[in-house]
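Q: Pasting a structure here, questions to come.
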Amino acid sequence: MTTGSRIVLHVDMDSFFASIEVRRDPSLAGRPVIVGADPKGGAGRGVVSTCSYEARRYGVHSGMPISRAFDLCPHGVYLPVDRPFYASVSVEIMALLSRHAGRIEQVSIDEAYLDVSDAGSFPAAGALAAAIKREVREETGLTCSVGVAPGKAVAKIASDFQKPDGLTIVRPDEVAGFLASLPVGRIPGIGKKTGEDLRQAGILTVGDLARRDVQEVIARLGRSGVRVHHLARGIDDGEVQGREGCKSISRETTFEADTADPPVLAGTLAELADDVAETLRADNLRCRTVTVKVRYRGFQTHTRSRTLPRFTSDPETIRRAASGLLLPFLNGEPVRLIGVRLSMLEGGCTRQASIDEFFS
């Protein structure tokens with residue numbers, strides 16, 4: 001179990017894109033809002049970027065093929081992704097968070113880690129988290145969920161524990177107990193298929209995983225097995241990475257169910273490419289190298305990169321490069337995770353480097 005004085009907050013905006021759309025048009029409040037591809041004009045291709053909690057009651061979720069979402073919720077409100085507007089709101093939120101921590105690590109457009117060790121105690125950090133939630137609501141009209149823990153991984157799990165608009169505090173001596181009864185799939189890096197494989201092996205909870213020998217876990221999960229086994233035993237040493245440098249910008253997503261569907265994979269990758277391109281432009285940066293990452297069902301992870309002839313921040317150029325890199329991965333093998341990274345950056349950097357796990 002982690003000991004020491006580190007206190008980490010994970011702040012995760014609730015249904016970010018959909019919530020912004022409801023803020024922009026209050027008549028959408030209480031209705032199933034789905035942000036993503038056009039289910040009709042796009043011939044049913046593409047995926048759901050995010051959706052409101054009302055839409056989730058019909059089984060709709062992020063990463064789902066938009067055609068499936070329309071089957072489940074034909075009466076939903078389907079809206080296109082307005083990435084520049086969402087990015088501008090993200091800048092507001094990150095500026096707000098920066099007022100409360102000297103070290104902040106933004107890991108996506110709608111989530112960040114804060115090192116609040118200076119708070120001095122977990123009760124004080126909990127009060128700070130409550131104040132942050134209140135400020136976010138008052139200043140942006142949006143809600144967020146916050147996890148407070150000794151390390152990043154547990155803080156992230158905790159932020160998802162009472163969504164939406166939740167606050168969960170896990171003190172150092174509570175980490176192992178907090179994790180023990182959770183389904184094994186709640187550990188970051190364990191997807192739906194691997195979770196099912198573990199359950200068939202009798203590993204149903206995080207506690208079950210903690211009791212297994214680390215070599216068995218490595219055999220099942222590969223090189224991520226050590227990290228996962230440590231976390232299952234309450235060892236969470238993840239530190240918040242600050243603004244010491246901006247070496248790359250990354251975005252990735254894990255599918256709810258593994259998919260080999262080329263339109264779904266291509267549509268998801270295009271969304272991710274647009275996301276990182278928007279972040280690049282917002283930070284006044286340009287890139288030369290585009291990398292696509294694919295993780296298959298068996299946790300085999302592969303990357304392909306292309307160095308462009310010149311520095312660029314053009315979304316279409318980045319999207320085309322990413323799409324070309326994806327083609328060799330469309331081999332019929334089910335994909336668990338897909339991601340895009342931009343590197344070889346030049347220009348002013350106002351954000352943090354992405355967490356190493358994105359492209360490890």
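Including glycine, each Cβ sits where the backbone N, Cα and C put it.
Below, the features straight out of Swiss-Prot:
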DOMAIN    8-191  domain 'UmuC'
BINDING   D12, D110  Mg(2+) binding site
SITE      F17  site 'Substrate discrimination'
ACT_SITE  E111  active site
Q: Return only the integer: C-alpha distance in Å from F17 (site 'Substrate discrimination') to D110 (Mg(2+) binding site).
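A: Here the two Cα atoms are 9 Å apart.
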Q: Where does F17 (site 'Substrate discrimination') sit in the DSSP three-state scheme?
A: helix
Q: A 10 Å Cβ contact count, applied to the recorded positions D12, D110, E111: which residue has the minimum?
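A: The recorded positions D12, D110, E111 were compared, and E111 has the fewest Cβ atoms within 10 Å.
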Q: Tell me the Cβ neighbour count for F17 (site 'Substrate discrimination'), meaning other Cβ atoms within 10 Å of its Cβ, over all protein chains shown.
A: 26
Q: So, three-state DSSP: helix, strand or coil for E111 (active site)?
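A: DSSP assigns E111 (active site) to strand.
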